[in-house]
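Remarks on the structure that follows.
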Ligand SMILES: Nc1nc2c(c(=O)[nH]1)N(C=O)[C@@H](CNc1ccc(C(=O)N[C@@H](CCC(=O)O)C(=O)O)cc1)CN2
Ligand SMILES: Nc1nc2c(ncn2[C@@H]2O[C@H](COP(=O)(O)OP(=O)(O)OP(=O)(O)O)[C@@H](O)[C@H]2O)c(=O)[nH]1
Ligand SMILES: [Mg+2]
């Protein structure tokens, strides 16, 4: 249904300035009909419109003046989107911007979807996918550092590095393929191939390690609250967020899905995920919830392992401990306001009452100490989205496979499969290849009008 409309009416419009009152509001219209639609509304008739020039006119619809505005016409492909486009600078009121938008819609445009202007810029080859993502990060940046790496990416930082790695891999692949095609004529130096491939792998690995820091700076530190059912995880989430976000009951298995909240703790931005209590269960919904908890463990930079002082350390805790011990976790004994059964663990732990708030400040301090080590160590890379991070991880996996294959003397045609897979990941990362689903996921984060 939605798609039919967009095919029918390719020209779309949106308010691009923030909702609210401001000195000036910006309304944009993009697509083949955009010039015609705006001209219809102009008080002056201008026959040979000059592009990228500011016109001062009144917009008139149904004999009523909508507003006195400035206008700029852009002619494809010389616009932000690469399409025909018009920018309208009107007065910045909530009603007046909406009336300008209404007039455009009534004259044949449709409403833009989230991120659709930027999406057009990507589809028209004006920017690559990493640059599109960096525009979003620029808008969302909450610190100067975050803004700086996003801005460097808009100027192609990560994209260029990936293009270079891609070239190196293509060269290696070419050498290998020649030897596959002409096995008798070409003598290939396997050692040299190995070293070239290893050099690429090392660079990718470095990107991944540094990428973690880039992610922290631009999105926040991911903290998962994990434990068996009923230990007070949701109570703790609410306490840390200063907000009644998650449902709390005394029934074990209350939280079914991952519940997230964001907050600054001592100057560090955290994304906190409260998870379903982990236990063996036959309940199909709870099972899915627990699978999600396990996924959050893998994504987290720090895990709060919540233990219940009223039960002590049980077999269920042991089961979870086995799953998290290789990650960065912090044991937290909760409910110390009650008679407690705290068993000393070898590792340092923290004691709190999520209910009364006792020990929470110390917990926050400990958490920040732990993550500061990660945040402040090493270089920053230009990886600024989880998508980019995961693509690099997959790329590395294929390179590693290829290297292992070379070591044990696999045939070149087998090695070349892994190299191609890695190239595919690079292509997806930059957006050289993409699916509608991927674009929908990326641009659905944007605001309308961007
Ligand atoms: N008024 C206005 N300000 C804005 C934007 C916008 O779309 N409109 N931007 C939106 O994000 C950012 C600037 N980015 C822009 C990127 C490309 C083009 C553009 O017109 N590109 C043409 C011409 C290039 C040239 O002559 O330099 C092109 O690529 O062909 C404009 C703005 C921030 N400020
Ligand atoms: N006495 C005491 N009770 C607490 C404390 N924290 C949580 N509780 C109680 O423990 C029960 C479970 O709390 P929840 O926060 O729902 O526990 P949960 O770990 O999220 O449970 P699931 O979502 O089922 O895994 C509730 O009755 C809470 O009021 C605490 O510090 N002291
Ligand atoms: Mg819960």
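Yeah, the Cβs are placed from backbone N, Cα and C, and that goes for glycine too.
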Candidate from 191, 230 that TrEMBL assigns to the same K(+) site as 249, 251, 254: 230
Candidate from 428, 450 that TrEMBL assigns to the same (6S)-5-formyl-5,6,7,8-tetrahydrofolate site as 28, 87, 126: 450
TrEMBL annotation (coiled coil) - matching range among 148-175, 260-287, 288-315: 148-175
Rounded inter-Cα distance in Å - residue 126 ((6S)-5-formyl-5,6,7,8-tetrahydrofolate binding site), residue 251 (K(+) binding site): 54
Entry from the binding-site residues list 28, 126, 450 having the most other CB atoms no farther than 10 A: 28
DSSP state at residue 233 (GTP binding site), helix/strand/coil: helix
Binding-site residues: 234, 249 - member with fewest neighbouring CB atoms within 10 Å: 249
Of 28, 87, 126, 450, binding-site residues neighbouring ligand 2, Cβ under 6 A: none
Binding-site residues close to ligand 1 - of 230, 234, 252, 254, 276, only those whose C-beta is under 6 Å away: none
